[in-house]
Amino acid sequence: MGKLIFLCGTNYPTSICFIVVNEFCERFSYYGMKAVLTLYFLSYLKWDKNLSTAVYHAFSGLCYFTPILGAVIADSWLGKFKTIIYLSIVYVIGHVVKSVGAIPTVGNTDVHIGLSMFGLILIALGTGGIKPCVAAFGGDQFEEEHIKERQKFFSIFYMSINAGSVLSTLITPILRGDVKCFGDDCYALAFGVPAALMVVALAVFIFGSGMYKKTPPQGNVLGEVCKCIGFAIKNRWNSSKDDVKRKHWLDWAEDKYSKRLIQEIKMVLRVLVLYIPLPMFWALFDQQGSRWTLQATRMNMAFVSPSFSRHLNMLNALLILVFVPIFDLIIYPLPLGVEGNTIINSIFCLNLCKLQDPSTYEPLPLGAPNKELSIDVTFTGRSYSCRHEFEERKAYSLIVHQKAPGIECKLVEDYIIKNEDGNPNVRFFNTFPEAMNVTVGETEFYVPPDYSMSANSAVNRGSYPAVRCSHQSKKSENLNLGLLDFGASYTFILREKDGKIVAEKMEDVKANNVHIAWQIPQYALITAGEVMFSITGLEFSYSQAPNNMKSVLQAGWLLTVAFGNVIVLIVAEGAGLEQVFFSLFTTFCVSFPQWKEFLLFGGLLLGVCIIFSFMAYFYTYVDPEQLSKMYAGDSGKKECEEEEDDCDNTKKKEKRDVIPLTEKGRSTKL
């Protein structure tokens, strides 16, 4: 064990500097790679959107399930220090394999896919395995009397995570897009730089080796825990009515296992039960990358780039860097009746702004997937009948114009689903007897003659005062289309007025009327909730864990994140409801409006908050150090009150049960 050296004038060990820098570099490595991963699947491996999304979420989920493996190895076999070293090496190898798989000259597509998947598995093992160990190892560096310093360390630790996330999310996409290699986007460099940062993280961590306080592993703790629980359940099941009643079902294991182990298991189980409702927070929190991004595309992005919605996730990490010092220095010291920041708090955020949905259409009951309907039209006192075939779940416009000897009806299918990038849709209706070509920005429209409609295409948001329109009989003319705003769908009717061609605008789908700036408050609220929830959760998991199960309980905390991801994966991706809901409420405005969906998730989390508040109220805090001292000499057997021979036999048993406290080479019992 290295000798602890403290920073000048403080109770902070110097060793935590190496741990924080290591975490910063490791998070830069992880989030930098992840920032371009989906694009790599889509544009390099040529996967479709669904497969890319599924693999991305599967990888993210695996990264939060592997902490259990790392925690077991650390607490039962290698110890935290060696576990971090060995799994970091696996982590580096995974990055290198991933980078090699992105080099076009290395094999064919199958080789690239194989290397990429193998690399991602190694990265998941590495990042997940060290995740609970680094946080717990940092907490180990503090003496028990320095509780406040340890709490602040977890805040600094969390800030380093988000600092690495912000920088990597900015830098890595630039390396991919702006730097060209092998004649295309340089994914090899975009993955190679995170690999280099992971090498730096490993080197920094090893460099501080001599300063660390290293707690040795204490055998197969998880195995003993499982055996103890199994023995207690078996004893309880086989007990008779005449047996002495026990206060707790785990007390039935006292015949074989020490009271100390039983109490430690009780501690862990109490905390794990407390964690049961928490995945719902992460399920809502993780919607920043799905539902909230989708919401952003349905908002007005005036004064910002349409691609701004894809970078909003960075706002969360930036706000973390701002909020953590504010909460540590201002909020937590306030006399609010809360014991420090060791009680887990949570805030749920909810945006109830009703977004503009498409124009209202009159529903036509068909009673079949498709059906021919007769539509009666009255014009100049005469009645006409128009017959057209309609399909379910589609929107149509009926165009009626005069044509000898009466009228002519044309049925046109409307495209009223808003674009994912927020850009407006445009189409042109030609009333002239000859075809026309219209150029809007860089998009060309061919408009057929004689009351026909052009194809529907997306254009960039902006003002178009002079759009080129050309046809055979006349010179090219300029059309004034005005402002084409975010989220809208427009139909322009080309007709003659005062000897000139004019474009009369019809707004089929209203423009987004809620500005994207309204998302900032909800990001601020969810970030405030994350600061109070996640940082205190890390510290709570450490402080309430027995000394020999610190990493295991950290892994238990991270599992709440994993199960939150599973909820999102099942609801939004696995069941395919996201696409269904989006299609339905953007097409028909009736099935499941977005604001109601947010209200549903917010209400669910509010219910979880209430349940968790009751659970937390009845939770009793335990000091693991005090527990260790109390049961330091306990063997799990009754006191020797009979013959000396029985006492000798019990002492032999104690050697297997007691975790001794050594003082000058002799066993000390309390």
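Glycine residues also receive a Cβ, built from the backbone N, Cα and C atoms like all the rest.
Automatic, uncurated: that is what TrEMBL annotation is.
Not measured: the values here are computed from a predicted model.
Annotated in TrEMBL:
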type     : residues : note
COMPBIAS : 648-670  : compositional bias 'Basic and acidic residues'
REGION   : 634-670  : region 'Disordered'
TRANSMEM : 54-73    : transmembrane segment
TRANSMEM : 85-107   : transmembrane segment
TRANSMEM : 113-134  : transmembrane segment
TRANSMEM : 155-175  : transmembrane segment
TRANSMEM : 187-208  : transmembrane segment
TRANSMEM : 267-285  : transmembrane segment
TRANSMEM : 314-334  : transmembrane segment
TRANSMEM : 552-572  : transmembrane segment
TRANSMEM : 598-620  : transmembrane segment
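Between the transmembrane segment (155-175) and the transmembrane segment (187-208), three or more CB pairs separated by 6 or more residues in sequence fall under 8 Å, so the two stretches touch.
Tertiary neighbourhood of the transmembrane segment (552-572): same-chain residues 57-58, 60-61, 64-65, 67-68, 70-72, 75, 128, 131-133, 135-136, 221-222, 268, 271-272, 275, 278-283, 285-287, 290-291, 537-538, 541-542, 544-545, 578, selected by CB-CB distance under 8 Å and a gap of 6+ residues from either end.
Contact between the transmembrane segment (187-208) and the transmembrane segment (85-107) holds: at least three of their C-beta pairs are under 8 Å, each pair 6 or more apart in sequence. Within the chain, the transmembrane segment (85-107) has long-range Cβ neighbours (under 8 A, six or more residues past its boundaries) at 26, 29, 33, 40, 44, 70, 73, 78, 113-116, 118-127, 129-130, 133, 182, 184, 187-188, 190-192, 194-195, 198-199, 201-202, 205-206.
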